[in-house]
Amino acid sequence: MTSIIGAALPYKSPEKAIASSSYSAENDSSPVDAVIFAGTSLVLGTACRYLFNGTRVPYTVVLLVIGIFLGSLEYGTKHNLGKLGHGIRIWNGINPDLLLAVFLPVLLFESSFSMDVHQIKRCMGQMVLLAGPGVLISTFCLGALIKLTFPYNWDWKTSLLLGGLLGATDPVAVVALLKELGASKKMTTLIDGESLMNDGVSVVVFQLFFKMVMGHNSDWGSIIKFLVQNSFGAVGIGLAFGIASVFWLKFIFNDTVAQITVTLSASYFAYYTAQEWAGVSGILTVMILGMFFAAFARTAFKGDSHQSLHHFWEMAAYIANTLVFMLSGVIIAESVLSGQTISYKGNSWSFLFLLYLYVQLSRCVVVGVLYPLLCRSGYGLDWKESIILTWSGLRGAVSLSLALSVKQSSGNSYLSSDTGTRFLFLTGGIVFLTLVVNGSTTQLLLHLLRMDTLTATKKRILEYTKFEMMKTALKAFENLGDDEELGSADWPTVIRHISSLKDLEGRQVNPHDGYEAGSLDPTNIMDIRIRFLNGVQAAYWEMLDDGRITQCTANVLMQSVDEALDLVSTSSLSDWRGLEPRVHFPNYYKFLQSKIIPHKLVTHLIVERLESACYISSAFLRAHRIARQQLHIFLGNSNIASTVINESEVEGEEAKQFLEDVRDSFPQVLSVLKTRQVTHYVLNHLNGYIKNLEKVGLLEGKEVSHLHDVVQSDLKKLLRHPPSLKLPNVDDLITSNPLLKDRSSFRSLAIGETDA
């Protein structure tokens, strides 16, 4: 990490750290033993994931406890763990900077890339409040309480250093639980986004106070300069890497491995460039990079590539979290068992529990002070959500790594060894207590606040879906129950093995009961609108995979659905409202009247805008038609379904009229667009046909590879050189263009250019 004057923090190198561990070459240890600890951690992590699945105990809490148990066996008993113990000591001796550089880029990029862009934009104000003023309030609250009540005779700088160190939150357990329980997106986005931001801010605050503790005097000017450079420098580097990576992805066609490699390498290079070369916050840099990818590169990954990308990052984050929390447990055990100052002097255990109370109190102060502003920004915040937000302030790997750096940098006139040991002990204890107490009781708190209960509408949807599942099961039994070779199956035995359908057997239930009586209930209508818009968005994704729309068009369409989802409680379907400006010419097109602009450029801009409008309108109509069909199949002719379907049909009138105008004025535009879509569809169909021939064994690998390359080459040519529209006469183009509402000025432009 880089200080405010550009010097590196005095961390020990990995070689020195390992050499200072209590093991040596005499114990027959080998660097390869580090692999044993990593492998054992993953095996134990997999077992815990299976055994504790469906329980109230978060996965990360179990890993932390196991890590403490292994560390206690290795450091607290005469009988060490052999090769596994050697591996534990190697990992425990790794430089904290190296730990952050290895694990943080993966965890930060996965979290920021997986967040919903629209949710981020709406919650950004709340996230900045909690990560900016919130971290400062927490730092000074904790620092003041530590200075005034702890008996360690620390000065204000040292007390504030510990306060800033404990500012970094890591709500992995809480966020995973909220997602599992189906909590609102805004809540998970706010907690996750705040964690990402305040990790970066906390590290910057930590660096600032660390340099002060180490004797570097800084005036207010240098402090402000340092904070500004770290913040804006991180944003700039993150955006630069994001733009370069997205630009690179445009040249990679249907190569999932290469695409994933670009995202992985970009996250590590961005972190290293920011942290080591530019001296700014690597955490903020990777967070900005991930959000940029989420905003502009999500549609670059289609079909299998999209799934493979998310599966890769989920797996990478799972492995990183497993290793981080196992190692955190080992570090906590070692800090408690190997420090005589902790074990025998100062009543440090009682002060640890007191510090835990201070951490919770400071979190309450942060949320309480900022509550009026949090309620008025983004999606707002009610009192129940504020309680969960307060309780979700868990501490994790970042705080622990910073405490390790303090311990390794201690032992001098500025920072005593006892202080470094106490920092690690107190931080490790807070990490353990927040994970075990807060993490394990979050589900109970959600239950007490009744935030985990399903609404009446959702319950009816579940009951109806189970009823439809029974019908689907009966159809499947009719198709497969009687086999030519084996004979018939026993339906009662089949149904006994399908526990989800046992309660429905024999019940004559109209699946639409409950909707008629409550069809005018705003909550019911809002719920169905949300499901309808989710169906529209799913149709857009399918059209993107099929080549019916471009990446740029897909981004516009997805954004319109996100904006409409925010308004479902107060108005009817409104996703066309967000697309309407894209279908008409914006005001800045009036500058096309200038004779300075070349004739061909004017024609190209107008045709490009016209094609984009046709793509948007046709995709909108198709997606709504698909969603209406799905909703009708799902809810039948119920009043509530008819209400939402009517809203959809009303929305589509303007899009239909626009395409009719284009068909009358420039039918060749629609013909070219349809030709592109059909060509892309045929090539995709051929690709699927080749895969199917391989699947049934009619083609061998070499033959499949040859045919696949030929089809992929054609697809690449289609995307780079699609069928183009023969440019019409500029006078006809402008005067007949259905996009133009005021055509007189464009007519004069056209006539002027024609005369010229």
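Including glycine, each Cβ sits where the backbone N, Cα and C put it.
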N-linked glycosylation site per Swiss-Prot (candidates: Asn27, Asn438): Asn27
Same-side flag (membrane), Ala300 vs Ser377, source Swiss-Prot: yes
Averaged pLDDT score, the topological domain 'Cytoplasmic' (298-311): 78
The transmembrane segment (423-443) touching the transmembrane segment (351-371) per 3+ Cβ pairs under 8 Å rule: yes
Range from 90-110, 195-215, 277-297, 423-443 with the greatest count of C-beta pairs under 8 A to the transmembrane segment (57-77): 423-443
DSSP residue counts for the topological domain 'Cytoplasmic' (372-385), split into helix, strand and coil: 7 helix, 0 strand, 7 coil
The topological domain 'Cytoplasmic' (53-56): DSSP-derived helix, strand, coil residue counts: 0 helix, 0 strand, 4 coil
Contact call for the transmembrane segment (277-297) against the transmembrane segment (252-271), three or more Cβ pairs under 8 Å: yes
Distal contacts, the transmembrane segment (423-443) - CB-CB under 8 A, six or more residues away: 56-58, 60-61, 64-65, 68, 162, 165-166, 173-174, 177-178, 181, 328-329, 331-332, 335-336, 339, 342, 348, 351-353, 355-356, 359, 388, 391-396, 399-400, 402-404, 406-407, 410, 452
Contact between the transmembrane segment (252-271) and the transmembrane segment (126-146) (3 or more Cβ pairs under 8 Å, separation 6+): no
Same-chain residues at least 6 beyond the ends of the transmembrane segment (312-332) whose Cβ lies under 8 Å from its Cβ atoms: 37-38, 41-42, 44-45, 60, 63-71, 74, 88, 91-92, 99, 103, 106-107, 109-111, 113-114, 172, 260, 263-264, 396-397, 400, 404, 424, 428-429, 431-432
